[in-house]
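Features reported for this protein in Swiss-Prot:
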| type | residues | note |
| --- | --- | --- |
| COMPBIAS | 22-34 | compositional bias 'Polar residues' |
| COMPBIAS | 294-311 | compositional bias 'Low complexity' |
| DOMAIN | 48-103 | domain 'bHLH' |
| DOMAIN | 122-157 | domain 'Orange' |
| REGION | 1-34 | region 'Disordered' |
| REGION | 294-324 | region 'Disordered' |
Amino acid sequence: MKRPCEDSTSDSDMDETIDVGSENNYSGQSNGSFIRCGSPTTTSQVMARKKRRGIIEKRRRDRINNSLSELRRLVPTAFEKQGSAKLEKAEILQMTVDHLKMLQATGGKGYFDAHSLAMDFLSIGFRECLTEVARYLSSVEGLDSSDPLRVRLVSHLSSCASQREAAAMTTSIAHHQQALHPHHWAAALHPIPAAFLQQSGLPSSESSSGRLSEAPQRGAALFSHSDSALRAPSTGSVAPCVPPLSTSLLSLSATVHAAAAAAAAQTFPLSFPAGFPLFSPSVTASSVASSTVSSSVSTSTTSQQSSGSSSKPYRPWGTEVGAF
């Protein structure tokens, strides 16, 4: 009974010695497996590092692709070719380099101007539409290049494109000339000089509220002739007894007239008599006298004046300002 037990124990001892021998023989692999299995923090750090590296790489690729798409949209030659075929990244970069070289050669004139850039994109779009029309005629309609209808249509559209480009160049030149001389438009935005206001009888206060409240009393008489075409005839007197809304409109009209007169005087320095530059003293005195008489006469006289003014031809105030 004891021998089988001894045999079993000897077999187990043999197995144990074999296992120990195998561990000694493959100590490197066992130690490596023990380190990998025994340090979960190291494994998690490696996985987190790999994950972060993948996220960084994805962001870098997205940034490169977005920049290439922006270059394809901004460069005119790439924008012209993007509708017909898919551009490669190398082609987009090459077109960008060529475009920058051209800008450096020409000094960058006209490409940083919004008007010129818009006209450039407009001509490019027209050329792209011309290409699409030719492709449609050949693929859908079945018209070859020698067909007279296609030849006439394509030649007509090509001539239109050439004319549009020539007109765009002329417009861009005129636009640059206007940009170089902005004082024609900025003169109307400057405040009215005090000396000019004193000569014309307008108040020289700097506050806008005082100018708007006092302008109808002194300046409305100077422009009663031009404002009569704009105001509808009322049942009461003409100038002083208008409703409050008409008074505010009249003050704004007087201010606009004074600003336009100042702009015209600065733009076209003509020699006028003393007083208001655009009117002679006789016209000013007659207009003031007519406004004073119209404020003191009865309703019948007012109706006669309104009928007399209605019989006059329509003269908008824009024509009087534009005449100078």
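Glycine residues also receive a Cβ, built from the backbone N, Cα and C atoms like all the rest.
Since we're looking at a predicted model, the values are computed, not measured.
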Worksheet item: Can you tell me the mean pLDDT for the domain 'Orange' (122-157)?
Response: 82
Worksheet item: What is the number of residues in the domain 'bHLH' (48-103) that are helix, strand and coil, as DSSP sees it?
Response: 48 helix, 0 strand, 8 coil
Worksheet entry | Secondary structure content of the domain 'Orange' (122-157), with strand meaning DSSP E or B | 28 helix, 0 strand, 8 coil
